[in-house]
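Contents: one structure, followed by commentary.
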């Protein structure tokens with residue numbers, strides 16, 4: 001199986017190298033990732049600037065390329081320029097820190113996987129829960145084992161798996177659960193600070209809000225030392241609300 005690997009933490013980040021080294025023991029791996037950190041860039045693509053592609057001279061048993069762009073740029077270039085064909089699987093990660101609830105909207109890691117899904121490639125985003133103490137070896141071993149069990153060819157086009165792995169030793173992982181994207185979000189605020197020259201600047205702060213009653217909420221699996229596996233879609237239409245609107249309103253014609 002040929003696997004294209006990307007991320008948003010940067011091409012030399014510990015998470016992506018750990019994942020690529022682990023996967024390359026069994027699969028053909030090609031890494032195409034941002035040359036600098038692109039965390040929380042969402043699904044941005046580069047339209048008004050050139051993109052630079054460089055092959056890195058690193059002593060690994062896989063090829064590794066940097067792109068002067070976003071994770072979505074990397075996936076596009078990885079498929080069209082580096083490989084010249086679709087890989088069998090795309091994996092984005094391992095992210096430093098979780099991508100749960102509304103994180104998915106902002107995440108470059110998740111967007112890398114969704115870009116693969118748009119291209120018709122079975123795609124997975126994988127994150128290690130703790131930002132302060134990520135355990136990449138646990139997440140990488142889980143993915144290697146997961147690929148033995150899960151038929152990635154069953155993932156429909158325009159769908160990706162968002163996988164979050166508890167940051168604990170592998171022998172403490174209880175298993176994996178199919179979950180839903182939760183309503184986990186942040187209570188954000190901006191702290192006003194003063195720079196050395198006396199000017200004001202702002203730093204975004206916030207606390208996590210976890211009050212989703214759904215027992216299948218993604219973060220609840222993590223709290224019990226289960227890996228959270230959530231199928232997510234490129235499409236954002238609120239089907240339930242659309243149906244209610246259709247029951248109330250007819251199509252309107254402007255005269």
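Yeah, the Cβs are placed from backbone N, Cα and C, and that goes for glycine too.
The divalent metal cation binding site annotation in Swiss-Prot covers 8, 9, 39, 95, and the record cites sequence analysis as its basis.
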Residue 39 (divalent metal cation binding site) CB neighbourhood, other CB atoms within 10 A:
18
Which residues, in sequence order, are found in the same chain with Cβ within 8 Å of the centroid defined by the Cβ atoms of 8, 9, 39, 95 at the divalent metal cation site, excluding those residues themselves?
7, 10, 13, 15, 37, 38, 40, 71, 96, 97, 107, 108, 109
So what sits near residue 9 (divalent metal cation binding site) in its own chain, CB-to-CB under 8 Å and at least six residues off in sequence?
15, 16, 37, 38, 39, 95, 96, 109
Other C-beta atoms that fall within 10 angstroms of the C-beta of residue 8 (divalent metal cation binding site):
31
